[in-house]
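Student: Per TrEMBL, the features are:
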ACT_SITE  H52  active site, GMP-histidine intermediate
BINDING   10-17, 36-38, 53-56, E64, D86  GTP binding site
Amino acid sequence: MGNKIFLVLGGARSGKSEFAEKLMYHFTGKRKGYIATSQILDEEMKYRVLLHKERRPSDWKTYEIMHTAGNQIGTVLNETDTILFDCITMYVSNLLMDHISNIDAEVLGVSDLEKLQSLLQNDLDRMFNEISLVSDREIIFVSDELGMGIVPANAMGRVYRDLVGLANQYIAKKADEVYLSIAGITVELKSRGVELS
């Protein structure tokens, strides 16, 4: 049996993480892993992380992966049967912040965007290559859907929105099932039953 990939999308406080956590309970694999991507930089983020920790069982092994998941996910895959990667949005933010110091945020150009897109694409390629080397795993990715709001006023906001959108598209294409959470209600967007090219 192959791996099963899920993507759960939604806005802030939409219920996406709670849905993904409930999805984890339905899998039979005994070794459950949680990939945490948030960096605690202030009290508000500390509170958000605490809420996530309180919701998940103590037997889920936590892996803190802030960047370069393509280089680190192999270890997680070898130690777990089911993985919850929460979340792609923060992961992309970390990638952007790691590389933005070399770029003036107010004058981001096309070449800067292309460089960041390439970094993200390469890391996602490495991550999914590692996933392809194992079998019988369930992997749930959580991400925000940022493309439904207003166009950000500054260049960095637009680049960030675009990078998250590209990551979401990449994962959605690989996913067996894609869900969207809105106001605590989750709907299925994709199953393997329909594939358009």
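Note that Cβ sites are derived from N, Cα and C of the backbone, with glycine treated the same way.
Note that the coordinates shown come from a computational prediction; the quantities given were computed from them, not determined experimentally.
Mind running through what each feature is packed against?
Tutor: In this structure, H52 (active site, GMP-histidine intermediate) is part of a helix by DSSP. The C-beta environment of H52 (active site, GMP-histidine intermediate), restricted to residues of the same chain at least 6 apart in sequence and closer than 8 Å, consists of S17, A36, D86.
Under the three-state DSSP scheme, E64 (GTP binding site) falls in the strand class.
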Student: Pick from R13, K16: which of these binding-site residues has the biggest number of other Cβ atoms within 10 Å of its Cβ?
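Tutor: Buried the deepest by this measure is K16.
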Student: Under a three-state reduction of DSSP output, how is K16 (GTP binding site) classified: helix, strand, or coil?
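Tutor: Once the DSSP labels are grouped into three classes, K16 (GTP binding site) ends up as helix.
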